[in-house]
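To keep things clear, I will list the structure first and then write my remarks on it.
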Amino acid sequence: MPLLLLGETEPLKLERDCRSPVDPWAAASPDLALACLCHCQDLSSGAFPDRGVLGGVLFPTVEMVIKVFVATSSGSIAIRKKQQEVVGFLEANKIDFKELDIAGDEDNRRWMRENVPGEKKPQNGIPLPPQIFNEEQYCGDFDSFFSAKEENIIYSFLGLAPPPDSKGSEKAEEGGETEAQKEGSEDVGNLPEAQEKNEEEGETATEETEEIAMEGAEGEAEEEEETAEGEEPGEDEDS
């Protein structure tokens with residue numbers, strides 16, 4: 001009888017708690033009853049906006065976004081050309097970026113002007129687009145971008161880690177190999193120079209030796225002539 005009463009009253013209690021009713025035979029086993037109740041719990045992200053599917057805390061993924069401030073309606077051909085070059089380069093290299101127009105959005109214009117460092121602003125204090133940021137970190141203007149691109153340090157300029165197969169890493173490796181080859185070539189090139197120098201020094205020493213020998217021979221000849229001249233008067237006196 002107690003089992004029957006439990007079976008009759010348990011469905012009512014479960015319905016009141018917004019849980020599915022269980023069979024009378026399952027109510028006798030607490031493990032089965034709990035197993036039947038668990039499937040009604042809503043574990044979706046909507047029910048737990050700050051938690052994961054299993055109720056764990058969600059940690060936001062930090063993703064750096066490159067911001068390029070442009071003026072789409074600029075009347076300057078030079079500015080439009082610079083903007084197109086920056087945007088085209090980022091697209092060609094599959095670098096994610098966000099294009100922000102300052103011509104039609106006062107907030108974008110104000111934010112750009114306030115976040116460009118003072119030493120990077122022109123004399124009138126109004127920086128011209130394109131201006132490049134990594135989130136809130138200032139990267140530079142077009143001139144800085146162009147220099148970084150020419151030196152192949154664009155990822156460092158943007159504050160991004162270069163991909164493994166990027167041209168920057170390849171250029172660094174090639175640069176190291178080129179420097180090593182250049183040093184080796186310089187060492188090899190120095191050998192003939194050293195040999196030539198030694199040969200020149202040897203020739204110079206030989207010439208000096210020959211000159212000294214010639215001078216010595218001339219000196220001896222002069223002494224012999226003087227001796228001969230000194231002997232001739234004596235012979236005349238004897239005769």
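Each residue, glycine too, has its Cβ placed from N, Cα and C.
From a predicted model like this one, the values you see are computed outputs, not experimental measurements.
Cross-referencing 40-46, 82-88, 124-130 with Swiss-Prot places the feature motif 'SH3-binding' at 124-130. According to DSSP, the motif 'SH3-binding' (124-130) comprises 0 helix, 0 strand, 7 coil.
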